[in-house]
Ligand SMILES: Cc1cc2nc3c(=O)[nH]c(=O)nc-3n(C[C@H](O)[C@H](O)[C@H](O)COP(=O)(O)O)c2cc1C
């Protein structure tokens, strides 16, 4: 059931737009409120009048109509929903979403939203199979966009194959699944991710090779299970996932402050590669060669140990604290010792020796060390590892 759920429905300009009218009806039958947005091309296929009559709501069409004070601005419109649905998702809309374009109301809303997005692609089979569409699809899935369909069948253009928009009831099922109260509903989970940058002077810093891919995937998987996720991220190579509260930091000290501010939490996952040391004598202005041939001597001081600090909290310690151990030698032994030293519940250990290609790569092979012993998983994609970790966390918090 969708009682009380708010759906922002973006209708793209394809033949299947007529089915979105039935979709509105089906969503409303189940108790959802549907706010429709038509692209310029969609208006060639369905009228604003029939769309608004079925939705029982104003239809939004033009970005610049929303500048009136009395109107809901595009940022508010993109956030005042529980889920954004794009049906039909044209090849054009998928391309804009994947490329980050925002040159009309629909694409601007899709860029501005902090909510999950479900797309129902619909297009000619050649358009669907085109490498550009498949590339865009892979990008969108990587961004956490949910998809339903397309189905295989006869198309309005006379061709046969994949490209038909899913039937409205199948889209309603996907909407219900996307809004399902997952096992982590009501739980607050803190996730740290990415590297930290420790300044040497205003233009130089010391960093590490963490891409943030694993932490980002974990945050996305936890959100997909219904968790309320605070995502504290250093300067990562990958964008933060949708549907989480993002706090961006640069240094380990800033990360500690952001973590402290985000607590209390039911669980905390420390996937960030935090610098152990920072430059004690960092310069306030750009350091210059003085012609003597002498290099500056950097002095280091230890950074706060965020994982140990939270693991050893006396009051309000998260029920579950998960640390990561990126090791190059004696992975299991070092990670087991790290778990004891820090006082966390689980350590996710991985071998980041250059030959594994794990740091900065798309795969990971991890061993989870806990009171129950060591559990090694086969080499999986970082998304698969994230889904398994999120499911294990849901089990531990149940
Ligand atoms: C009769 C007709 C049918 C079309 N059907 C589709 C379609 O099913 N899927 C699609 O991706 N594009 C289709 N197009 C092309 C889109 O309308 C066109 O790419 C448009 O720019 C999409 O705009 P939008 O993404 O802003 O809605 C069709 C065009 C015409 C003229």
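Using N, Cα and C of the backbone, Cβ positions are placed for all residues, glycine too.
Per TrEMBL, the feature active site, proton donor maps to 157. Under DSSP, residue 157 (active site, proton donor) is assigned to coil, being neither helix nor strand in the three-state scheme. The Cβ of residue 157 (active site, proton donor) has 15, 124 as same-chain neighbours under 8 Å, each 6 or more residues away in sequence.
According to TrEMBL, the feature CTP binding site maps to 276, 286, 304, 305, 306, 307, 324, 338, 342. Under the DSSP three-state reduction, residue 342 (CTP binding site) is assigned to helix.
Marked as domain 'Flavoprotein' by TrEMBL: 5-177.
Per TrEMBL, the feature domain 'DNA/pantothenate metabolism flavoprotein C-terminal' maps to 184-394.
The region 'Phosphopantothenoylcysteine decarboxylase' annotation in TrEMBL covers 1-188.
Among the features that TrEMBL reports, region 'Phosphopantothenate--cysteine ligase' is placed at 189-398.
Sequence-distant neighbours of residue 276 (CTP binding site) (same chain, 6+ apart, CB under 8 A from its CB) are 302, 303.
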